[in-house]
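Student: Below: one structure in structure tokens.
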């Protein structure tokens, strides 16, 4: 079994903001597959599906970004999913808008959602699908991550969302992190 979790903040106020890149990516995947998040438990919206013959949990934590680990760890513990079978979709300010990078493990890079997951899973050894939102140029970090993408930026993100569907499918199919990094980084 695999868990794919997109990170973001709940509520319409945060809908379509840069910090909700994880939610937007997972929503794109769900839309492409004709699926929806039909359960509310483990402090998240989620669904359990069979995709290409594999059991998969698709999750959007509803704890706010900084406490995402609570939701991810609750569902991983309940379904007995090992951390290496977890893929977290996150925004990354250290990469250009729409750039994708796969990581098999590592520190949080200052991302509070990832810090929370490391704390609550008790390990850094889980997979990440990072999508760039770049650092702000003439505004604060908080203002930057809580604003939507402009039209030009959104086109780059749409390409990233399309590529992410392939990455998620490869992860579900059991492709290891080294394969994913070689193919998509």
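Using N, Cα and C of the backbone, Cβ positions are placed for all residues, glycine too.
According to Swiss-Prot, the protein carries these features:
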type     : residues        : note
ACT_SITE : 19              : active site, proton acceptor
BINDING  : 14, 64, 66, 112 : tRNA binding site
SITE     : 9               : site 'Discriminates between blocked and unblocked aminoacyl-tRNA'
SITE     : 91              : site 'Stabilizes the basic form of H active site to accept a proton'
Student: Hey, for the tRNA site built from 14, 64, 66, 112, who else sits with CB inside 8 A of the CB center?
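Tutor: Filtered neighbour residues, in order: 9, 19, 63, 65, 67, 68, 113.
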Student: Near residue 91 (site 'Stabilizes the basic form of H active site to accept a proton'), which recorded positions out of 14, 19, 64, 112 have their CA within 10 Å?
Tutor: 19
Student: Identify, in sequence order, the residues in the chain of residue 19 (active site, proton acceptor) that are 6 or more apart from it along the sequence and have a CB within less than 8 Å of its CB; answer 'none' if there are none.
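Tutor: Looking at Cβ-Cβ distances below 8 Å from residue 19 (active site, proton acceptor), excluding near sequence neighbours, one finds 8, 9, 65, 91, 133, 145, 146.
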Student: Can you tell me how many other Cβ atoms are located within 10 Å of the Cβ belonging to residue 14 (tRNA binding site)?
Tutor: 17
Student: Counting Cβ atoms within 10 Å of each candidate's own Cβ, which of the recorded positions 9, 66, 112 comes out highest?
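Tutor: The largest 10 Å Cβ neighbour count belongs to 9.
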Student: With every protein chain in view, what's the tally of Cβ atoms within 10 Å of the Cβ of residue 64 (tRNA binding site), excluding that atom itself?
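Tutor: Around the Cβ of residue 64 (tRNA binding site), 17 other Cβ atoms lie within 10 Å.
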